[in-house]
Each structure stands twice: as structure tokens, then as C-alpha cells.
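Beneath this line is the structure, given in C-alpha cells, with notes to follow.
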Amino acid sequence: MGPKLLLYVDTVSPMAYEAYYILRNDPVFKSVEITYIPVFLGGLMKACGNTPPLNIKNKDKWIDKERIRWAKAFQVPMSEQKPPGFPPLTLLIMRALCAVAVLGGQDALIKCLDELYPAYWVHGKATHEKEGLMACLSKALGEEMARKAMEMAPKEGKELLGKNTDQAFAEGAFGLPWFVAENSKGERDVVWGWTIWRSW
């Protein structure tokens, strides 16, 4: 058995996007079995009493500089300007992504994340609005499957998103990116943020 990584994601988080992009593109992770799990970051932070970075004086400016710094360091495509109206409510996106995972598993989920992340963080598109979300899902999956995912989002997607977010909380998560790592010996650990690159 080779090494495994699980990454919890929400498209609202620039750091989760950077982590996702690196896992998808850095050759060091090519031999790693990676699983992506959609969660609702707002719900996770509420569950553990965490305060959004933008609501913390000084941290709001620091976090914006930090996302740009890391994007440049790891060559992650990202606009230096924050997307309009940041941060958006991503509940519909994450429910739809959970529905996608039910319909098509990891392959379909990855196709959608590959569309949604750059649409938002590079091009500043309103992916949290139904029309923008549907456009990204249709491009990734085709219109029929995208429509089915949107239909499933309020029920099956909602249920799975709740379970995933509870799972992340049970793993100790309080923000993103949050990893669950398992080496080839089966030894398991959880990692928050960029410490994954120093410990991998």
C-alpha cells in the first residue's frame, strides 16, 4: 500500500485552492492516492467556534498577502485581486459538489473542482450564483449530469455535506486546508495548512 492523502475542500478558501492545485500538479504527489472531500467551511468554523480571518483585525490584511505569496511560490494561478463580493456563501456550491460525488465519484468531483477553482480565484466569476455554478458544472460534466447534480443538491447533497463537515470536525479540523495523511506503513496523522509540505 502506498501513501494516501485526504484533503477537505471548500471553494471559498484560497488556501484550500492552493493546496488542491499543488496536489493535482506537483510530481511529488503523483504516486499518492488522494481523496478530496467537500465540506462547508462556514459550518466547520461555527462548530469549533473559529472566527473567520477577515473578521480579525490585522489578520484580514495578512491572509490576503499570504495567499498571493504562496500562489507565487508554488506557481498557482491566482488573481492578486480578491474576487468581487468575497467571501461568498458557498453552501449551494458545496451541496452540488457533494451531489456530484454521489453521481460520479472522485473523477467527476475533480473535473468540477478543476473548473470551479480557477473560475473563481483566477477569473473572479460568481460561481456561488446558480447560473455561474451551472455553467462550471456543465463544462465539467455535460449539461444533463450538471442538471441532475443541481436537482440533488437540496437533499442528497445537503445530507452528504453535513456528514462530510461533521467528519472534518471529528478529525480535528478548524479551518482549511486540512489534510489526513497516511504513509506506506499505515501510520496516520492530520495536518493543517502548509506544514504538509515540510512533513511530507
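Positions of Cβ are set from backbone N, Cα and C atoms, glycine also.
Remember, predicted model here, so these are calculated numbers, not experimental data.
According to TrEMBL, the feature domain 'DSBA-like thioredoxin' maps to 7-193. Confidence annotation: the domain 'DSBA-like thioredoxin' (7-193) carries a mean pLDDT of 94 in the model.
Annotated active site, nucleophile per TrEMBL: Ser13, in sequence order. Within 10 Å of the C-beta atom of Ser13 (active site, nucleophile) sit 23 other C-beta atoms, taking all shown protein chains into account.
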